[in-house]
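Listed features, source TrEMBL:
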type     : residues  : note
DOMAIN   : B:76-268  : domain 'ABC transmembrane type-1'
TRANSMEM : B:18-36   : transmembrane segment
TRANSMEM : B:80-100  : transmembrane segment
TRANSMEM : B:112-135 : transmembrane segment
TRANSMEM : B:147-167 : transmembrane segment
TRANSMEM : B:188-210 : transmembrane segment
TRANSMEM : B:247-268 : transmembrane segment
């Protein structure tokens, strides 16, 4: 019996050794032997069914058309990609082509882990993507030189998803991309729709920072200012506008559903389908869940972004970058150029229910159809500008340690607008200072 | 009072105990049952304001999606191999060490115990980059043996601590009695101590298995090739940013992921007996 146990244990260890012949180390980054195809590892963060399918399809098409440059599709996850990359960059085994978002690129760029693509971008790719999108991937290299550290390809805007029956019943003007609601009209509409246990709007504010900062640009609120190379937090009248207006809907107009306040972005959807509230300000990607989950007979529409003094919204981009340590940077860039051509960008945007940065992709019929509000969503891309927080060193810490708890307290009506402003500035500047020494 | 009446009142006294036990079983089973319910629901039913326990329109589409999109069987096989190898190696190494720590008291022993405790206070994230570089130099990155080495290393201190407690619980008098009967040290350990340690070994094995089966962070940074990825790395692919997830396929895949560990538990739990040493040293 004991002998059998010992043999079983030995067999397990041997099996583990056998199963583990995964290539050891930097498989994707190794130099190709003469006659051997170049091998690239592509870390993708696509997770929606249609998006994963689109990614795999594009990679398969590339591999068929390019036998000398073979790409291995590796699926990662948004939640922990940066932990994974930090280790792999430090160990020199990072994938050749890396999918991420623009806020993450700043740190990796200044640490020298990403390739500067400034002089390497093909003209066709460069001209197809507007400069304001390229601005979201342009960062300091840590030595004072600006570089382009990724190709931006998907962006998100904040629209309003509305219950059509409640919207029509309220008899309010239906906004269009050319004539969107102002914040005043939005507040009035929400008040009008608040009756008989139904609220006009829901503001899920579990993660309030990016949402409010992006919307603050409607009134020119930037939250950060840079003077003589030093960045500080500012919360003046412009920054307070959106904060105050949301707060008013919750506690003055009482037109916002208080139950949604502590929820994550998608959490209020069941209440939305049951008609508990009429309007849900959300990222364009949330349309996918509404289209998939809404009960039969439930009609919904996508309304364009709100307008304050402008309709501008802050945006970040999803990006594809090349690792500095990649042995095949030219081939990696060739693959990226193919992967992000207008046809493929339209497929990827459709799969993720986001907006393509490619001008040509945005005119693809699948991006302009009225079905599921694509026409309104795609039109909203014109209002996107670089999020002001994107290039602020220490933003992540300010966001998690200062802004998130302060805004949550404010929206829970525990502190005043002046209190939240003071916290954001005083505590925030202490955080930022450490990053600028 | 008749025997029947006494039996009945004893039975009645047990009712609250059974009710409490039933409540505990329901509490333990709730997540698994909810997982099963979610795995069989359509996206539409999952988003109902009033959630249902029994799916109105049960569907296997989530299972089809989960298995169609990801290599769940391959990932589960690799996880099983890693977990079995890690748990067996952990026990094989920690058993003799635990015996020595429990039976031989002295300065070295105290230092060793202190070191084991201190090793538990370091956050893993602090050492992950140096560890990764060591594994890279040993060509163990992107391999399952590399992951087994890491899992064994990090499970070993606690396993040692656990087993040491079990060894201490075995009365030294039993070993002395065996010695008086002429058994040598090895014979005493193999013939007397080892059988009494079986429940402790099983408990340690289970602990090491579950730790390895669920482990995510080390697997995330060590395994890069899709062909060697373990189950936790595969399950996380159904989640998106900011906690948004594809609940249906995730529930279906998670449900399938619990099955191997449930089977392992079912096989091994019979060995988890207590009271083996009750009365062992009574005169």
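Yeah, the Cβs are placed from backbone N, Cα and C, and that goes for glycine too.
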Same-chain residues at least 6 beyond the ends of the transmembrane segment (B:112-135) whose Cβ lies under 8 Å from its Cβ atoms: 101, 141, 146, 149-150, 154, 157-158, 160-161, 164, 217-218, 221-222
Cβ-based contact of the transmembrane segment (B:188-210) with the transmembrane segment (B:80-100), 3 or more pairs under 8 Å: yes
Sequence-remote partners of the transmembrane segment (B:80-100) [C-beta within less than 8 Å, at least six residues beyond its ends]: 109, 144, 147-148, 151-152, 155-156, 159-160, 162-164, 166-167, 189, 193, 197, 201, 204-206, 208-213, 230, 260
